[in-house]
Amino acid sequence: AWYVPCLASHETLQELCRKENLRCKSIGITNRSLKSYEVEYLCDYKVEEGKAYYLVKWKGWPESSNTWEPRKHLNCPLLLQNFLRDKNEYLSRGREGKALKVRNHVKALKPAIADYIVKKAKQRIALQRWKEELNRKKNHKAMILVENTVDLEGPPLDFYYINEYKPAPGINVLNGITTGCECADCPAEKCCPKEAGFILAYNKHKKLKIQPGLPIYECNSYCRCGPDCPNRIVQKGTPYSLCIFRTNNGRGWGVKTLQTIKTNSFVMEYVGEVITSEEAERRGQLYDNQGNTYLFDLDYDSDEFTVDAARYGNVSHFVNHSCDPNLQVFNVFIDNLDLRLPRIALFSTRTIKAGEELTFDYQMKGSIDLTSDSADGLSPSKKRIRTVCKCGAVCCRGYLN
């Protein structure tokens, strides 16, 4: 059977059900709720004959059903608080360098103010739904929050959350491990890292102890050791609650930690669509024109494959570049020992305080983006557009590539 995803929003479907007097339990329209009224957000404000009224958008009802309701009828303190805050935020914005005085006693709002309040309310709802979607799809215990106090930007329209590599057709990211260590208590003489010719990557506190450039070999699904094995870190997923937030200096979305992260701790994995380097070069030309950088070369042993996190990815999709980063890239091998296809893990380089933005150096990852020196020998059509760096670090190189 063919299945086509519905492009209509949850609210649109609810509105259609109410309009046609239909019931649909899966979207919450039952006999009991068909005629129910719940405030979704407040759209406008006015004073008539000394009484304050708010224009109410009812949840699951079309905007044509909005009604003016007296203040005493509204039992939604949080929505009233959001309405007042959004109004004051609009009024207090500087205009030509002069701040406007906020007036709380007005008989009606100007259309521009009401329009801004509605947009903020819709954005707040969209971001809340996005946060819920992200937390439904993630496979780790830590929470993902979303925050935008900067502008009216909502969730990205063409981004799909995944927890592991999404291989392009013809690429196998699981190359048949058929054996694992026999350790009863890792690490032992025959543990996975030693079998691969390397030392165990973690100390007894489960913190990284190897230098950048060395690979990490974790115990795999065939190993005798259990889930508490000290050599199972990256495979357990992000251990910290993180927040995707809107930056205030033109860098788009960023990621900050909501918990203190100690030095040499695993923070997150970089995942996306695994494609050939030839396809990455083609996409790179397009991304350069858009000013985006999502390509991550898997060049530990060769340069055959690249991870593209533009459309498919996890929280790492939103981590910004810095010339002075607090995250470091490491190659990890778990259930796939193909040196061409390592997993990419980001570890802290120092203690990162709660509320601090997470960053890594995009050039650290062996990006296909070319520097000006390496681009000089290319034809004009092959030269890559240089992206200005906005990291703000003292040691900033000026460009992302």
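Note: Cβ is positioned from N, Cα and C throughout, glycine not excepted.
The domain 'Chromo' annotation in TrEMBL covers 37-95.
Here TrEMBL flags 179-237 as domain 'Pre-SET'.
Around Cys219 (Zn(2+) 2 binding site), a 10 Å sphere centred on its CB holds 26 further CB atoms from the protein chains shown. Sequence annotations record features per position, and here TrEMBL assigns Zn(2+) 2 binding site to Cys181, Cys192, Cys219, Cys223.
Counting every protein chain shown, 23 other Cβ atoms lie within 10 Å of the Cβ of Cys191 (Zn(2+) 1 binding site). Positions annotated as Zn(2+) 1 binding site by TrEMBL: Cys181, Cys183, Cys186, Cys191.
Counting every protein chain shown, the number of other Cβ atoms lying within 10 Å of the Cβ of Cys186 (Zn(2+) 1 binding site) is 23. Summarising the annotation, TrEMBL assigns Zn(2+) 3 binding site to Cys186, Cys219, Cys225, Cys229.
Per TrEMBL, the feature domain 'SET' maps to 240-363.
When Cβ atoms from all protein chains are considered, those within 10 Å of Trp253 (S-adenosyl-L-methionine binding site) total 19, not counting its own. Sequence annotations record features per position, and here TrEMBL assigns S-adenosyl-L-methionine binding site to Arg251, Gly252, Trp253, Asn320, His321, Tyr362, Lys390.
The feature Zn(2+) 4 binding site is assigned by TrEMBL to Cys323, Cys389, Cys391, Cys396. In the shown protein chains, 14 other C-beta atoms lie within 10 A of the C-beta of Cys396 (Zn(2+) 4 binding site).
Note on the domain 'Post-SET' (385-401): mean pLDDT across this stretch is 83. Among the features that TrEMBL reports, domain 'Post-SET' is placed at 385-401.
Excluding Cys181, Cys183, Cys186, Cys191 themselves, the residues of that chain whose CB lies within 8 A of the CB mean position for the Zn(2+) 1 site are, in sequence, Glu182, Asp185, Pro187, Ala188, Lys190, Cys192, Cys219, Cys223, Arg224, Cys225, Cys229, Asn231.
Take the CB of Cys323 (Zn(2+) 4 binding site) and look out to 10 A: across all protein chains shown you find 19 other CB atoms. When Cβ neighbours within 10 Å are tallied across all protein chains shown, the highest count among the binding-site residues Arg251, Cys391 belongs to Cys391. A C-beta separation below 8 Å, combined with a sequence spacing of at least six in one chain, links Cys183 (Zn(2+) 1 binding site) to Lys190, Cys191, Cys219, Cys223, Arg224, Cys225, Cys229.
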